[in-house]
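K.L.:
Provided herewith is a single structure, encoded as structure tokens, for subsequent inquiry.
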Amino acid sequence: MAGPRVEVDGSIMEGGGQILRVSTALSCLLGLPLRVQKIRAGRSTPGLRPQHLSGLEMIRDFCDGQLEGAEIGSTEIMFTPEKIKGGVHTADTKTAGSVCLLMQVSMPCALFAACPSELRLKGGTNAEMAPQIDYTAMVFKPIVEKFGFTFNCDIKMRGYYPKGGGEVIIRMSPVKQLNPINLTDRGSVTKIYGRAFVAGVLPFKVAKDMAAAAVRCIRKEIRDLYVNIQPVQETKDQAFGNGNGIIIIAETSTGCLFAGSSLGKRGVNADKVGIEAAEMLLANLRHGGAVDEYLQDQLIIFMALASGISRIKTGPVTLHTQTAIHFAEQLAKAKFTVKKSEDEEDVSKDTYIIECQGIGMTNPNL
């Protein structure tokens, strides 16, 4: 099955872990032998970090592939995929590396496996520079399932920076193919809800303060909706270590979902964390898109694999999204166009339509 190696430059565009995730997932799905060079070349700690390594090893095991150069600090890997198999796969970052990013790399592969998969992902569930598991469960899941599959996300244990120690189990069955999606009608905001949590030694008052500050901030801009943010104390059997954070979700009349979230850091007061999440949500509601800035890039690989034309309306196209499109075109040969939205209500806004002619990937095992 092995053809010529596809060469990927890991230092261009986003220049980080995302290039690795998108290119190895596509390599696994399409049976393309891959070489990635200059991995994270411009980062302060170049090369593979523990979380990248655990993602690569998981993909290797997923398809009985061969992986060379996979060690901490390595800036070049070679990957030769074989047939994708389902079953139980474990990935442990051994750090607070994000379980949500591990899921991003493995989920497309699980969809085209020979049998159902159980992904046991260990690391940080609510980590900086990555989606929080609440985002995955409350926003990513209902939207990505529009491609015509379902998955179950079981949060066994939450884990925070710097210790990690979280565990999430994803269960899913393979599909014959993916349906295209059309997320272009934003509708009007009908509800706003969320959760503000504390875990470990942090007092419950911190959760209440984050929630109250977020509600006040949203009220200034959106006056006619009840904003329901629940403060939550995570118990010892649900959370490992200390942490605090908040996620706020806006739902629209057409079923679109937007989020703003923030994590507490040492020395940052609770109000500030709440306000940061609220402002992120409000910014995501201002641009007129039908998906928020974090969903954009996560949908690209599914659009590329789907059968038919997918369209999503977005705010400004992020560097992560541009990177995902670049590699989906290079490796999967999907065709994307990004155009400014011409709808009347979007004239004054920075709104775009991302359109993709998917490759119509079919599962050879089904």
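Each Cβ is built from the backbone N, Cα and C atoms, and glycine gets one as well.
Found this in TrEMBL, in case it helps:
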- His320: active site, tele-AMP-histidine intermediate (ACT_SITE)
- Gln104, Tyr294, Leu295, Gln296, Asp297, Gln298: ATP binding site (BINDING)
- 13-338: domain 'RNA 3'-terminal phosphate cyclase' (DOMAIN)
- 184-285: domain 'RNA 3'-terminal phosphate cyclase insert' (DOMAIN)
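Help me picture these features in the structure, burial and contacts included.
P.N.:
A sphere of 10 angstroms centred on the C-beta of Gln296 (ATP binding site) encloses 23 other C-beta atoms.
Under DSSP, the residues of the domain 'RNA 3'-terminal phosphate cyclase insert' (184-285) split into helix, strand and coil as follows: 34 helix, 38 strand, 30 coil.
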K.L.:
Considering every residue in the domain 'RNA 3'-terminal phosphate cyclase' (13-338), what is the mean pLDDT value?
P.N.:
96
K.L.:
How many Å separate the Cα atoms of Gln296 (ATP binding site) and His320 (active site, tele-AMP-histidine intermediate)?
P.N.:
8
K.L.:
Enumerate the residues of the same chain, Gln104, Tyr294, Leu295, Gln296, Asp297, Gln298 excluded, that satisfy the criterion Cβ within 8 A of the mean position of the Cβ atoms of the recorded ATP site; list them in sequence order.
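P.N.:
Neighbours found: Pro131, Phe140, Val291, Glu293, Leu299, Ile300, His320, Thr321.
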K.L.:
Under 8 Å Cβ-Cβ from Leu295 (ATP binding site), six or more apart in the same chain: what's there?
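P.N.:
Correct list: Val139, Phe140, Ile143, Leu257.
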